[in-house]
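Pasting the feature list from TrEMBL:
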{"type": "DOMAIN", "residues": "8-93", "note": "domain '2Fe-2S ferredoxin-type'"}
{"type": "BINDING", "residues": "45, 50, 53, 75", "note": "[2Fe-2S] cluster 1 binding site"}
{"type": "BINDING", "residues": "115, 118, 150, 152", "note": "[2Fe-2S] cluster 2 binding site"}
{"type": "DOMAIN", "residues": "228-413", "note": "domain 'FAD-binding PCMH-type'"}
{"type": "BINDING", "residues": "256, 257, 258, 259, 260, 261, 262, 263, 336, 359, 403, 421", "note": "FAD binding site"}
{"type": "BINDING", "residues": "769, 800, 914, 1081", "note": "Mo-molybdopterin binding site"}
{"type": "BINDING", "residues": "804, 882, 916, 1012", "note": "substrate binding site"}
{"type": "ACT_SITE", "residues": "1263", "note": "active site, proton acceptor"}
């Protein structure tokens, strides 16, 4: 390199860090975890979409002359960008050994941490907000979490805990009867969770750590240009514009990086390599903000957060007519990514990335914003118009040119501007279609002088509707202009039916819907401006007015009620009390250890899996030559390296490594071992595989057509089907498709295998729900007995069924690698790998024929289910089994038949997921139930109630319903939700609003509790009592956030009669409790609790003589005396669920130990023009027996419900026709976020309903609540019915799940949808298919 470049040390503060060997490819997250051992900051997705890696960045801003603090994603933040910066991680603000910070304490105490993997990121988002705004408003708190995801809690308790920091927060002011504080009075012995935070540590902003003075002294010195050189990448940080221009001239292909939010994703997910990176963050001209006569000029390096801040001030200070564009930019930024991205992403980067779905480029194009470009040849200013983007991600800039600044213009009098965006999820999502729309009228006129309509998501670039704009000039802003504009836009903004991104009809309709909203908005403003002008005859009809409203959501309001413990219960007896999750404080402070947090072993190797890129093909060759040249490469493993059997899987129909054929994209072929994860990844990408394509089967329909089924068929029949249909007054036939669902546990699959050098022993640390199968499969692969393999699990960052069997895919491969190398091997899947390899919830297709009387009474039902099982059986038969068991939901159907078949396809094997087939079976039931109500013209809730079971009825599998509390739940839910009064209000709302509609639905659930494989209904426990009185407890269940360990300690505490503080659970392992059933089927608290009870009772029985001899002694006295009397202080416990004897051949016997019941009522509002919806209110009444821990049970109910909201309204897996998964991360796959939960969220546990069949009269709670979210789906359907009636459509219609904006909009048939007719199926190849 020429002389100006030296290689300095990088100086930043976590501790005082001076790093001499800096690789520009290293992210802050990697550095924190690997180099500094700070593992509180988690890797959840690696693309800035989940917030698990959130940290606070602090630096001195030379332009603003102040210290600024902001949240950022450590997974994207380049280490080189940290020069003279301070980084605060979750470990830096508090811990359990000294003192928790109030932010950490309040999320723990409010029960806002379940699995805890997302908690450090949420804590740091809140902490950063408080550093900037010690007394925030509730809206600011909710906005701070736009970039954070949680899969467990349902978000409500997190907001509940943090609302206590808000200046507009007071006590809940409720106690179930609406009077005073919830703690002040009790009704029917019901108390609320809401005021659990009365005793809380106060926030003292002056006590927070100060900005390091040594970094302030650095900022006083002139900046020097920096250069850091890594293995493949060189990073330049110039300090002047002159240096920057010279560098760009020297390296014309160099990438300019400010926030790394685009380049970071390209390099990680798209395998892009940029050998030279230039960071212009220090250039004053590129960070400045200047107010000009024509607008405000922003330097291209200004962050989007800074842009928003400046524009908000301008909107507050300037006349409103001048700030139309500013307000449009602010509205787009409101939904642009999360704060962690907006805080670092540069305005110039957003423009120059040239994304066709950029939220800002349509605004800049329609407003005619000015861009200043600079190079070593000089500078030029251009207006951003339709010529700026020359092709997909290309602009008119020359290779040596840079974007220096952008001037966003003021608007003039008579000029109106709107921007719209529609995405799958409102918060932190990329647009499906967006737009910037501008019109200018001469003063005092409604005649169009200028108009610009710019759209994103309708072409490979941001495009202008030029022809339409030209035609509209000179026209009056009236109805005929609207009609012609829509017809012209429908023609001009056309899309090929095969267009990338799919959703073609929806996208075309959105173009028209957005213009219609713009037309109405401008019409409203013209009415005000031209008031009294007789030339203007058009006004906005009152029922159309709501179409112009911008999205607004009220702060969350909630009540969670449970029955208090009986009077006289000992304070030390915590059963029935809302005890905090015992790991919550450690999780909130980053001290809780997950699998990948275990420190690296000496000579440890990292494994990256090499997977198939074809859905069905023969493997012709595997070439590792290029991989071997990657630094740090150790070896490649494949099926040849398996010392035992390569055959694996629940049904022995899978291989550890593919041998000759691959049967899905993501099928594991081999793995690369290297010294670091980065080298291992690079080497794995360099492995070259050649294939011979075979024809794949991807969808359920293809499988049915080609008869590609697993041999097993499930059938249940009861009554006389023919007679039932003859008795019916009406018969309805239909079908419903339910899409699959990705588990999206925040912690991906992870395994560390440590060979022990002796007799084939190996120790594995695995993130799994199923230790027994993990042990068995590894032993089988290594050719050793199971007693040589020890599997350990401390905790998981979520599971939901996804780690019941599919975790073995990773753990077995890692064990083979460790056996081959004789060294410890680690593998944690990246999010995209995890989603590709591990499968998810089964997609279902249900066909039904239902007979019923005029009053809605069901006489007969015939259902056929088809599920997409993927390329192996796995647990698909059990899933279908449960779907058929639950095809009645909660309804008594005298004549019923259900048949279930599992399709064999070329997708990754689908597997267990919370509900395990039950939700799919019940969803189809509610589909035909809503058809029946519509056909009868009766209110849906009446028809549902009419058909509900009664106490003592027999189910379709002939099990008698005992302790049937569902009707109690139903009546209580009707009352709590004020159902009938709100129904009237909704009907009135729908009469007054044409383009917004509300809907409401009340849905019951009945969920059978036990494994349907009888021998799995067993559990073991082991209790050790030490001589100091401390108790070590182990059981066969695993902790994945559901609070199982907390409940088990509560059970042991009551049984032993000692405080919970004396009892500890270290981990679950195969060498303490053998042959444990997987932690699944919602029964883990039931069966492990009984096993713990059994073991503790053994101890108590042994201590009886000693207690009798010394009745006034303490627990410690009795334990020591027992030891000195040679009494064993260790006991095992065992339990099996009795009397499970169902015979599928005879359809008789007992299939389930008991049933859990619940009812949910939900209200939604849909935007008929865009398909958007908001969840206004949900009331849930759930029977959980006598709750072991109401806080944990309510957390499970809310978490399950919100996960179901994702399943039924948001989450959509998208595959190419060739079986390639598109949705491989949070960028494209959207789970619910903070903003998706109901604004009013009320949960009540049914009182006085003890369950004699489970531990301490409790009931299972993990899976049953998930289906209650169907109330949101059917509320949406109810709203669509109201919209369709406006168009004269009254017949039943098909709405598949999930009810995405696309499906909602397409179902609301109107004049705009008719202008965008669908292409005929079979005449084109779609971009994606429904699997």
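Just so you know, glycine gets a Cβ as well, placed from its N, Cα and C.
Would you situate these features in the structure and describe their surroundings?
Non-local neighbourhood of residue 75 ([2Fe-2S] cluster 1 binding site): 27, 29, 43, 44, 45, 46, 47, 48, 53, 264, each in the same chain, at least six residues away, with C-beta under 8 Å from its C-beta.
Other Cβ atoms within 10 Å of the Cβ of residue 150 ([2Fe-2S] cluster 2 binding site) number 32 in total over all chains.
For residue 256 (FAD binding site), the count of additional Cβ atoms within 10 Å of its Cβ stands at 22 [all protein chains shown].
Over all protein chains present, the Cβ of residue 914 (Mo-molybdopterin binding site) has 27 other Cβ atoms lying within 10 Å.
Cβ neighbour count for residue 804 (substrate binding site): 24 (other Cβ atoms within 10 Å of its Cβ, all protein chains included).
For residue 1263 (active site, proton acceptor), the same-chain residues 6+ apart in sequence whose C-beta sits under 8 angstroms from its C-beta are 914, 915, 916, 918, 1007, 1081, 1082, 1200.
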Quick one: average pLDDT across the domain '2Fe-2S ferredoxin-type' (8-93), no decimals.
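Within the domain '2Fe-2S ferredoxin-type' (8-93), the model's average pLDDT equals 91.
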Could you tally the C-beta atoms, other than its own, that fall within 10 angstroms of the C-beta of residue 336 (FAD binding site)?
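Counting Cβ neighbours of residue 336 (FAD binding site) within 10 Å gives 26.
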Neighbourhood of the substrate site (804, 882, 916, 1012): other residues with Cβ within 8 Å of the Cβ centroid, in order?
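After dropping the recorded site residues, what remains is 875, 878, 879, 881, 912, 917, 918, 1011, 1080, 1081.
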Could you say which of the binding-site residues 800, 916 has its Cβ with the most other Cβ atoms inside 10 Å?
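Answer by Cβ density within 10 Å: 800.
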Cα within 10 Å of residue 118 ([2Fe-2S] cluster 2 binding site) is the criterion; apply it to the binding-site residues 260, 403, 804, 1012 and give the hits in sequence order.
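Passing the 10 Å Cα cut: none.
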Other than its own, how many Cβ atoms are within 10 Å of the Cβ belonging to residue 260 (FAD binding site)?
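Counting Cβ neighbours of residue 260 (FAD binding site) within 10 Å gives 28.
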Looking only at 152, 258, the binding-site residues on record, which one has the least crowded Cβ, with the fewest other Cβ atoms within 10 Å?
258
Hey, how far is residue 1012 (substrate binding site) from residue 769 (Mo-molybdopterin binding site), Cα to Cα, in Å?
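That comes out at 17 Å between the alpha carbons.
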Under 8 Å between C-beta atoms and at least six apart in sequence, can you list the same-chain neighbours of residue 115 ([2Fe-2S] cluster 2 binding site), or say none if there are none?
151, 152, 587, 745, 746, 747, 795, 796, 797, 798, 799, 1040, 1041
Sorry to bug you, but what's the C-alpha spacing from residue 804 (substrate binding site) to residue 769 (Mo-molybdopterin binding site), rounded to the closest Å?
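Rounded to a whole number, the Cα-Cα distance is 5 Å.
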